[in-house]
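Student: Straight from TrEMBL, here's the annotation block:
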DOMAIN    B:35-107  domain 'Phosphoribosyl-AMP cyclohydrolase'
BINDING   B:Asp82, B:Asp84, B:Asp86  Mg(2+) binding site
BINDING   B:Cys83, B:Cys99, B:Cys106  Zn(2+) binding site
2 protein chains.
Amino acid sequence: MTSSLDPAIAARLERNPDGLLPAIVQQHDTGEVLMMAWMDDEALHRTLTSGRATYWSRSRREYWVKGETSGNPQHVKEVRLDCDGDTLLLKVDQVGVACHTGSRTCFDEGLLGG
Amino acid sequence: MTSSLDPAIAARLERNPDGLLPAIVQQHDTGEVLMMAWMDDEALHRTLTSGRATYWSRSRREYWVKGETSGNPQHVKEVRLDCDGDTLLLKVDQVGVACHTGSRTCFDEGLLGG
């Protein structure tokens, strides 16, 4: 879709075949990795201009303002693009829990090794 | 390809259409997000059993032991799978720099907003 994203930023993005970039979401002060989600240009535009983390839901095929239904928003402190232009890093202040399971992060339960 | 990955772990993985999962790589003590890379079952198996972060290079179509050519290996402290089974989080001890540009992380130069 057409997006209002700053063309100078849009030109730096290396999107996947679906037009999306993965966004790693990190708690800004503790460094916890909270979750990963996906953004298209418009989700990035909304995130940068609203200060509220906004993603593209691949399953529901709609924009998703984190916390709009759960009551656990992410207030965006910083957005970074990696050296290849294909991955985003959001530093946020997560209100409450990040995971739909009720855990603080989406990785809390999933220890495979180490 | 056939992999020696523990079948109990393999059964939990939700791979993308290319058979891959994104792996977020974090410095275990400082919490810095260093980079993102991709793993298939075999890369995950090698990472879990060798303790050296091993990825699948989508561009070169080969396994890639981080640091083998750069001299900057990642010693793996912990591997976690997220609640959906489709994203990995590696906590590592990064020797030297993570980024091929010579920066400590792949996100150092890419501030978009915040």
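Every residue gets a Cβ built from N, Cα and C, even glycine.
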Student: I need the most crowded of these binding-site residues: B:Asp82, B:Asp84, B:Asp86. Count other C-beta atoms within 10 angstroms of each C-beta and give me the top one.
Tutor: B:Asp82
Student: To the nearest Å, how far is the Cα of B:Asp86 (Mg(2+) binding site) from the Cα of B:Cys99 (Zn(2+) binding site)?
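Tutor: Distance between the two Cα atoms comes out at 24 Å.
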Student: Looking only at B:Cys83, B:Cys99, B:Cys106, which of these binding-site residues has the biggest number of Cβ atoms within 10 Å around its Cβ?
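Tutor: Output for this query is B:Cys106.
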Student: As a quick check of your reading of DSSP, tell me how many residues in the domain 'Phosphoribosyl-AMP cyclohydrolase' (B:35-107) are helical, how many are strand and how many are coil.
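Tutor: Grouping H, G, I as helix and E, B as strand yields 10 helix, 29 strand, 34 coil.
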Student: Between B:Asp82 (Mg(2+) binding site) and B:Cys106 (Zn(2+) binding site), what C-alpha distance do you get in Å?
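Tutor: Checking the Cα atoms of B:Asp82 (Mg(2+) binding site) and B:Cys106 (Zn(2+) binding site) gives a distance of 22 Å.
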Student: Between B:Cys99 (Zn(2+) binding site) and B:Asp84 (Mg(2+) binding site), how many Å separate their Cα atoms?
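Tutor: That comes out at 28 Å between the alpha carbons.
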